[in-house]
Each structure stands twice: as C-alpha cells, then as structure tokens.
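The ATP binding site annotation in TrEMBL covers ARG123, LYS169, 174-180, 204-207, GLU212, HIS235, 294-295. For 131-324, the entry in TrEMBL reads domain 'ATP-grasp'.
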Amino acid sequence: MSDDTHAVIGLPVFPDQTDAAGRPATLGVLGGGQLGRMFVHAAQRLGYRTAVLEPDPQSPAGLVSHHHIRTAYNDPTGLAQLADLCQAITTEFENVPAEVLHALAQARHVAPAAAAVGIAQDRIEEKAHFTACAAVSGVMCAPYAVITTPDELRVVAAERADLLPGILKTARLGYDGKGQIRVRTAAALTAAWAELGGVACVLEKMLPLTAECSVLVARGWDGQVVSFVPQRNVHVAGILAVTHAYEGALPPALAEQARAAAVSIAGYIGYVGVLCVEFFVVADGSAHGGLVVNEMAPRPHNSGHYTLDACNASQFDLQVHAMAGLPLPQPRQHSPAIMLNLLGDVWLDASGERREPNWPAVLSLPGTHLHLYGKAEARAGRKMGHLNITGPDVASVKTVARRVAALLGLPGLDAI
Ligand code: ATP
Ligand code: MG
C-alpha cells in the first residue's frame, strides 16, 4: 500500500505517454465481465490502451479491449504478459485470487490492493473490518456469528437464538443472493450448513429492512477521496433490480451518514480505487434501527451504473483516474436517474423461448440510455445489460421508468 504523503514512483501514467521501450500507456483489468467492459470503455475514452485477462474468448470486456489475454486468472504466463503490457492493473471482480494481485503488485501498480480485495472476498474478514471501523464509521454490521466447524455450528445452534430468524451465508464466493439460505430454527440452521457443503459461513440476523442503499467512493494513491451521492437500491430475489438516484431517494441525513461511513471504511485500509459499500436501512425503533453496513465491493458496482449517464464522471472514469494516479474529478450528478437492470428474463418468453424485447418502444421514450454487455446467451437471472433513465425532474424519470418496466416486464418498481 502506498504511503499517502509521498508520490508513488511511476505515477501518474498519462494516456499519451510511452515507456522507455516506446510502448503506449496501457491499463489492465483482471476479469472480462460487464464491469471490465465499461472500465475498458472509460479507459479508451481517455486514450489509454487496455488489456483484459479473461479465459472466456467471448467475454464482454475481452471483445472491446486492445489486448485480450485468454488465460486463467492465476496462469503465470498470462499474468506475466499482463504485467509486461500494463503500467497499472485493476480487477473487475473480487474473486480473483488475492495472491495474484499481490504478485502483480511486485512489478506494477495494482489498485485496489490484494489486502483490500482479500477482505471483500471473505465475509468473516469483511465483518471483522466493519467492526474494527465502527468506532470511526459510526455504523455496525448486522449481528452475526461465524460458523466454520461442526463444533461452532453446535454452539451457535444452541446459544444464538437471538440470531434467528437469520440468513446463513457462505463466507466466500457468494453473489446475487447465491450461497445463502434463510433459516428460522436451530434445526433448519444445521440442515442449511450441510446443504451449503459445511464450508465457512456466517449466520446473520434477519433485520427488518425499510430500504437498501449503497455508496461509491473513489480514493487515490495520495489519499484524495471523492464520492457519489448515495443511491437507493431495490433487490428482487437477491439480485439488484432498480437503483434510484435522485434527490429524495433517501433521507438526506441518512445519505450523509452512509457517505461518511463509506469514506471511513475506505480510508481505514488506505484503499486505492473505487469501492462500493452497501448498507441496510433498518426500521427505526427496532433493535438495530438506522443504518447497518452490509458488504463492500472492491470495484465499481452495479448500483453505480447510473453514473454513466447522470453524472459528469462515471464510476468507471473514477476507477481509471484512481489507478493511473490522475487527479480525481469531483463527481457531480446533473440529472435525476433510475437504473433498471436487464436480466436474461427480458429476452425469454413464458415458455423459455428467446424473443426480442420491444426496443423501438423503449428507446422512443425520453431519457432512456440502453447499455448491453454483448453477451450472446440470455439466461434467466443473467445480467445482460441495464437501462438508465434520466430526465429534467424526478417525476418525469419515474413516469418513463414505469413505462419501460411495463414494456419489458421488469420487477421492482411497485413502490414508486
Ligand atoms: P451481492 O450480489 O450484492 O454481492 P450477495 O449475494 O453478496 O449480494 P447480500 O448482499 O449479503 O448478498 O444479500 C443479498 C440481499 O439479501 C440483500 O441485498 C438484502 O436484500 C437481503 N439480505 C441479506 N442479508 C440480510 C439481513 N441480514 N437482513 C435482511 N435482509 C438481508
Ligand atoms: Mg449484496
């Protein structure tokens, strides 16, 4: 991790710069999904070359990058090629082995650091981090217990009735609600742990949520921090469906508390890059009423996609600036926005046959911005794209969002 008070050798990397061997400035990303694709777009817009390391030959990011290294994330030859091509390297998903980032960091600027990604990879470490930060962030995570052995399971089942009903979550490799089982009784907990394969888990108390929100923070090598205004998120079946990003989407005091907490959660570990911190809003008057921190993603996040069309700089622009050591622009939102996720279901009819969504009708509505990720196969629950809706005022954005949702059969907009 860099020392905040000193310049980092070799940074900034300007897009028009060449190295001693005359090779152009190139930014690298581990992972070839949609987040990598939008990162590549942002880097290229500034004039950088890009390199993507991703085994899938048809990956969303690989398809649009200057270089696509088609190897496994831990392949020494592929990693050597990435390090050779790039001056700075980032990751687009948190399940890339932390050791890989650590090894790359011996030769190149890597942001975020392996240690930060390692925390976000493991719910046990993540919750320990949030707990350690609580004194400065002012926000706690949901009450929980760690279950890594049959003995720990027995103790938690016998003694932690306070955590029921709860959600048993695998410590590693969960996303979009996968690797989670809701449990109401000690017997159900025991069965759920077996069902999850007896791997390391946390049992988290189920809280009465009134809302969910997230904050995108970007932090530079020199400690400069900027953040977007917190956004409100609606999940359906464990997957983000809708993001509301406009004045009034969240109570201002709560939004400010979330923003400040996210900044301190990033600062506590000297984080470099874009970090998304997700929060629960718990009913006032209940035992854990107020803001509760859920998890963090060491990268741009689905809930920040609205920044592509509603802000003067997107979350991907900030990732590029942060990793390359450029000054971070102060993000400013110029339009109210609603983001609607487009899952594979949009392309499937009731019998599971592929159909073409009614794009002409959707795109003729004012303020609709379609982003598709170039994935060939539409599967239920698969993130295929998103649609940002912007407009001159919140009411018109909501009206268009409702029309789009009706046209495409999208869930999650009932409450607006
Ligand atoms: P992501 O795709 O964001 O990484 P994930 O699979 O890691 O998701 P979580 O964020 O832990 O899972 O949970 C998914 C959703 O389930 C949350 O956004 C929330 O709606 C609900 N949820 C999770 N934990 C709790 C809890 N303790 N109390 C109430 N609801 C919860
Ligand atoms: Mg989550």
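Glycine residues also receive a Cβ, built from the backbone N, Cα and C atoms like all the rest.
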For LEU207 (ATP binding site), the number of other Cβ atoms found within 10 Å of its own Cβ: 20
Binding-site residues (ARG123, LYS178), the one with most neighbouring Cβ atoms at 10 Å: ARG123
TYR175 (ATP binding site), number of other Cβ atoms within 10 Å: 13
Segment confidence, the domain 'ATP-grasp' (131-324), expressed as mean pLDDT: 96
Surrounding CB atoms that lie within 10 Å of the CB of ASN294 (ATP binding site), all protein chains: 19
Set of same-chain residues at least 6 away whose C-beta sits under 8 angstroms from GLU204 (ATP binding site): ALA142, PRO143, TYR144, LEU163, GLY166, ILE167, LEU168, LYS169
